[in-house]
Amino acid sequence: MPRILVIGSSNTDMVVKTARFPQPGETIIGGDFFMFPGGKGANQAVAAARVGGVVDLIAKVGNDVFGTQAVEGFAHEGINVAYVLTDPKLASGVALITVNGEGENEIVVAPGANAALTPADLDLAEAAFESTDLILMQLETPLETVLHAAKKAKALGKPFVLNPAPAQVLPAELFPLLSLITPNETEAALLTGLSWEGEGALSRIAEALLQKGVENVIITLGAKGAYFQNADSYFQVAAPVVTAVDTTAAGDVFNGALAVALAEGKDWQPAIDFACQAGAIAVTRMGAQTSAPYREELMLRVE
Ligand code: ATP
């Protein structure tokens, strides 16, 4: 079975529904309250585990009930939690989300322990780096930790996949360490400084990422699927047509499933198709980790 090392964030999403957002200084009575496990690292780890990956997760939670619950949840998904560290002083990461009557949201993230995942923490997980088939990371933990992970992967000759979300500018030295980068349209534009205006924007933006030293590029395109480009070829994979209910974590589910498909040795096209199927199922369901499909559901479609 393919072994995936996911490094990244774990958050608890706390959602309150309310007719309207409060004004500064105002208190209003809201509606229902929901709590969901989230954080891009955790979401991608769960997605990878559900489609058949043997998953090691490196993350950091706080010494509180949210951290304990998160770790229990990972273990329940069959994820190896030996490298999920607990910071004795910091709080676990939380996202405070308010959703108004129009379905718009306002989100404040308190990264807590996620911001304290250090390069030294990664060195505690040497065995996980050595035994993995592929490493998958995002940008909700410190950039110096991302860079350290990418350097370790390069030194060991392991594929390193970066999902560059949330969008931010990255240091030039990171790109040549990446086997694959998987931005969405917003992230791709920010990373390259190019716009989506005009003919051929997709290949122009992908080419700009390749020029920075990345080996392979996949740009996710929401309902339009995903676009692949490397030095040898380029193509677009269409997304299955579904009725979207909640697009939260579509990208995370795509990346988790993609990691497993690639680690299994699937070629680019079938691997991206597998990931598109997983992403499409995720948007038909509510929540982040809760929406990630299981392998059996994908087998009905693509295998
Ligand atoms: P999010 O921020 O919502 O997690 P994202 O912006 O990172 O998502 P998207 O490009 O929106 O990433 O979606 C990732 C993948 O999920 C797409 O490449 C596609 O395969 C699938 N997907 C997303 N939205 C839809 C949709 N409406 N219908 C079918 N598939 C979808």
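Each Cβ is built from the backbone N, Cα and C atoms, and glycine gets one as well.
Caution: TrEMBL annotation is automatic and unverified by curators.
From a predicted model like this one, the values you see are computed outputs, not experimental measurements.
These features come from TrEMBL:
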DOMAIN    1-293  domain 'Carbohydrate kinase PfkB'
BINDING   Asn11, Thr12, Asp13, Gly39, Lys40, Gly41, Ala42, Asn43, Glu140, Asp252  substrate binding site
BINDING   Asn184, Thr220, Leu221, Gly222, Ala223, Lys224, Gly225, Gly251, Asp252  ATP binding site
BINDING   Asp246, Thr248, Ala282, Arg285, Gly287, Ser291  K(+) binding site
ACT_SITE  Asp252  active site, proton acceptor
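Closeness to ligand 1 is met by Asn184, Gly225, these being the binding-site residues among Asn184, Gly225, Asp246, Ala282 whose Cβ falls under 6 Å from the molecule. Residue environment of Asp246 (K(+) binding site) contains 16 other Cβ atoms, counted within 10 Å of its Cβ in all protein chains.
Same-chain neighbours of the substrate site beyond Asn11, Thr12, Asp13, Gly39, Lys40, Gly41, Ala42, Asn43, Glu140, Asp252, judged by a C-beta within 8 angstroms of the site's C-beta center, are, in sequence order, Gly8, Ser9, Ser10, Pro37, Gly38, Gly93, Ala288. Here the C-alpha separation of Ala282 (K(+) binding site) and Lys40 (substrate binding site) works out to 14 Å. In this structure the alpha carbons, written CA, of Gly287 (K(+) binding site) and Asp13 (substrate binding site) are 10 Å apart. Ser291 (K(+) binding site) sits 19 Å from Asn184 (ATP binding site), taking the CA atoms of both as reference points. In the three-state DSSP reading, Asn11 (substrate binding site) counts as strand. Annotation for Asn11 (substrate binding site): spatial neighbours Pro37, Gly38, Gly39, Ala42, Ser92, Gly93, Val94, Ala95, Val109, Pro111, Asn114, Glu140, criterion Cβ-Cβ under 8 Å with sequence separation of six or more. For the substrate site listed in the record, the two most distant Cα atoms among Asn11, Thr12, Asp13, Gly39, Lys40, Gly41, Ala42, Asn43, Glu140, Asp252 lie 15 Å apart.
Nearest in space to Lys40 (substrate binding site), taking C-alpha to C-alpha distance over the binding-site residues Ala223, Gly225, Asp246, Thr248, Arg285, is Thr248.
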